[in-house]
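These notes are about the structure you will find just below.
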Amino acid sequence: MARKPENPIFLERERYRMRRLMDAARLAPVLAAFLFLLPLMWSASEAVKTASVLVYLFAAWGLLTAVTAFLSRKLHKIPRDKWQERP
Amino acid sequence: MGMLNVLVTVSLAYVTFLFMVAFFADRAAARGRSKWLQSPLIYTLSLSIYCTAWTFYGAVGYAARSGVEFLTIYLGPSIVMIGWWLILRKLVRIGRSQRVTSIADLISSRFGKSNSLAVVVTVIAVVGTTPYIALQLQSVTLALDAFAGEEVTPSVGPSATALWLAVGLALFTVLFGTRNLDANERHDGVVMAIAVEAVVKLVALVAVGLFVIWGIGGGIGPTMERISQSEIARWDVSAGRWMGLMFLSSAALLTLPRMFQVMVVENEDERHLATASWAFPAYLLLMSLFVVPIAVLGLEYMPDGANPDLFVLTLPLAEGRNTLAMLSFLGGFSSATSMVIVAAIALSTMVSNHIVMPIWLSTQGSTAMVAGDVRHVVLLSRRLSIMGVLTLGYLYHHTTGGGEALASIGLISFAGVAQTLPALLGGIFWRGATRVGALMGMVVGFVLWAYTLFMPSFGPEVFMSETFLREGPFGWGWLRPEALFGIASSDPVVHSVVWSMSLNTFTFFIFSLISFPTPLERLQGAQFVNVFDHSARPGSWSRGLAEAEDLLVMAQRILGPSEAQSLFRSEAVSQGITGYLPETTPEFLQRLEREMAGSVGAATAHAMVGQILGRASVTVEDLMAVADETAQIMEYSNQLEAKSAELTRTARQLRAANEKLTQMSVQKDAFLSQISHELRTPMTSIRAFSEILRDGGLDDAALAKYAGIIHDEAIRLTRLLDDLLDLSVLENGQVSLNERVGKIGDVLNQAVAAAGIENSRLRVVRSKVREDLMIYTDLDRLSQVFINLISNALKYCDAARPRLEVSIRDLGDTLAIDFIDNGSGIPMASQDVIFEKFSRVGSDQAAGGAGLGLAICREIMHRLGGTVSYLPGQGGGAFRVILPVTVVRSGR
């Protein structure tokens, strides 16, 4: 099957961005798990205060929420039938 | 007593308000005005049933006991939501494409629609959720006690409160959870009420938090200072618990039956997930933001021995803020009730679909053609299941008597339902997962959980004796429930989760590797794992001897008549066939099965279709489709498939056309002989009698008699010619319509009066529903159609007590008027030709018609933009007149 002629630069670029966006969405939970497990490293060291851990966790949580909101809004704009695993 | 009275009044008012919210939301949805009901915001808020009374009251208690560790319960689900693209999106897509009704249904459907698997999941869910329901009842009871102080009179003891609460919740759930057997299991009223409760509990907790920080703590800085000086100032958390609990709560978000219900089953649109992915973590963040300040100030201000689980309530009370305390009580009440309602719906769906219905069906003998409307049975079984689930919860609460710290039951419950996680994730990501593997894995995990966590949690001497717990069964130390294989852990929950989850997963893998899946399992596996690649794959039924009419009869009983008819109709249209009975292709059978699965679950639907088909098997094509791995082959075969599908369709149309042509040619011959016959009979008598008249010699009486006969025959001839003329005018499109506005009931009245049934035995039964609809069309022509159908019933209905039912149905974009009699109907073979000219069923010259009536009806309806067709499977002769809705709307 011959490929259909298309506007290559624009479309390819668009699709490339779309795929990287999906990659980011896949990696977001890894980042979240990393940030949430990080405080475990501190417990070995000298007396860490509950208050500072709390501030850190809520800050990380808020940041992750913002990042996810950004990614989701972008992904939301992609037509649903293009929400595929493979090209 | 005053305070308690006010509280009870406010609570009752709040409950009434929730009933109204649910009622109006249901009504709006029924009228199709549910746009705002289906917004991503409502979806996100409905997910908040994750936050139960355990969160509302228990989180503060948890924080007062173990500091920041309570956060793991909210961080875990946040990770899963943030990673929605990986797991949740796939779950929701599968849930929608396979019409899944519960988590048990999903797992059973994935592994070859096995009901035994569904039963195992249902048992796990019920055992895991019952303590949790008891916990909610307990929390409301405790909160009420805290409010009442010493005011509680013996007659309104804690147990009575829990009982009334359980009864009220059962009532609400039965009312709004089982109003109708929705094809896709959505409950708009319940979801709306839960969304409202979600707002209430958030507002309540935030209000208490703000009061604590600024009202008591003296602002953010001083509050932080107090945290650093409190009992929980030191950050010393065990890494095992931190990770274990985070894992457990992530698993719970996916496997809790109630979460699955709101997240997957009630989902209206996949894209709502995109919003919930950040909005739900944000909700959890807000819910847990003030927990530590409340805990710290509670520890500081409340007397020693005060229950930290109730600080949210007792702290404002102690400070004399009664309104705030009341709001806080309503928040806790909302948390408890919304969890119980959704959990009851989810569990009752599972219990009813996978335990009650299969048993009921098997008592009905070997046929699915059971008498009566199955929907009533399903609804009844759901209602009984809801009551059963709540009774179990109440009994659990009653027998254990409460008392334990709230959080511990929650975690035990989480660990129980998490046992379905390996089967769930393995099922949607790994094609090699098999039914045997899933079954063995879940059984092993469940048994280990019960042995190491659930049974010991009741304390010594309930299930296990003191020595049993300390030394293991028969003194075998390596089998000690809380230290398996001699590995003692400081924490029983982590110990149990590690052993049960890991052995569950290993067993699942090993048995999946060594067992061999059935063809249906492989097919379902491919559909689940590759759900994004091809959501619609070939079906699982071989082309059997299925009688489409039998299937229609069955489908009508489960889906309801109009839904089933429109499903069959649309399938017939897509196959290029007119009428209501499509060919029973595998695609159609799979579609039908999926629709029915929405009502009774996949396993039952599969079994019912299987009973009608006689056997359940998978065709070679299906297996080849599973085996086709590479994209090239896929594409090639897809093209071939499309072509062959097109060829099949064309061939089918050709076959139908050919059949019709043959019949028409026969009819053409018949037409000529018919018309000469029809014209000759009156002609012969006219000629004979006019000859007698001509010859003369008759008296007046005979003269009048013979002239009368000639006149009657001439009229009959004229009528026949009128009909023929009418038909030819209609067929050539030369007719001019006299359109005006009128009430459909009036047209029916006119038709019934004109059909001449006064002196006959035929009884016309009309349901008056929708008869006052106004329509804009040629009312006289429409009335002509109705007269024809009524007089047909008069002529042909052969029942001992003939009866014609006329009802009007709203099919969405069309309006159907059904004429159903109780005679023997029209045989299959004749259904295609009755609308042709001069076709008469049987040799009923006696009936006296020329066989033009239905042909005229068809032409008239065609001119009016509608149709008239025969409706099979109604237990008698049945005709359906369809008017386009534009005709109705413009009449309004």
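Just so it is clear, glycine is given a Cβ too, placed from its N, Cα and C backbone atoms.
As recorded in TrEMBL:
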type     : residues  : note
COILED   : B:626-664 : coiled coil
DOMAIN   : B:674-887 : domain 'Histidine kinase'
TRANSMEM : B:6-29    : transmembrane segment
TRANSMEM : B:41-64   : transmembrane segment
TRANSMEM : B:70-88   : transmembrane segment
TRANSMEM : B:117-135 : transmembrane segment
TRANSMEM : B:155-178 : transmembrane segment
TRANSMEM : B:190-216 : transmembrane segment
TRANSMEM : B:242-260 : transmembrane segment
TRANSMEM : B:280-303 : transmembrane segment
TRANSMEM : B:323-356 : transmembrane segment
TRANSMEM : B:377-396 : transmembrane segment
TRANSMEM : B:408-429 : transmembrane segment
TRANSMEM : B:436-454 : transmembrane segment
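Counting Cβ pairs under 8 Å to the transmembrane segment (B:436-454), the stretch among B:6-29, B:41-64, B:117-135, B:377-396 with the most such contacts is B:117-135. Mean pLDDT for the coiled coil (B:626-664) in the predicted structure: 74. Just going by CB pairs under 8 A, the stretch in B:6-29, B:41-64, B:323-356, B:377-396 that sits most against the transmembrane segment (B:117-135) is B:323-356.
Across B:41-64, B:242-260, B:377-396, the stretch most heavily in contact with the transmembrane segment (B:70-88), judged by Cβ pairs under 8 Å, is B:242-260. Long-range contacts of the transmembrane segment (B:280-303) within its own chain (CB-CB distance under 8 A, at least 6 residues past either end) are made by residues 44-45, 47-48, 50-51, 55, 59-61, 63-64, 67-68, 70-71, 74, 77-78, 81-82, 198, 201-202, 205-206, 208-210, 212-213, 216-217, 223, 226-227, 230-232, 311-312, 314-315, 318. B:242-260 is the stretch from B:6-29, B:242-260, B:323-356, B:377-396 with the greatest number of Cβ pairs below 8 Å to the transmembrane segment (B:408-429). For the transmembrane segment (B:377-396), the list of distant contacts is 126, 129-131, 133-134, 136-137, 162-163, 166, 169-170, 173-174, 177-178, 181, 340, 343-345, 347-349, 351-352, 356-357, 360, 558, 599-600: same-chain residues at least six beyond its ends, Cβ to Cβ under 8 Å. Sequence-distant contacts of the transmembrane segment (B:242-260) (same chain, six or more residues past either end, CB-CB distance under 8 Å): 47, 49-50, 69, 72-77, 79-81, 87-88, 91, 102-103, 106, 125, 129, 339, 342-343, 346-347, 350, 411, 414-415, 417-418, 420-421, 424-425, 491, 493-494, 497-498.
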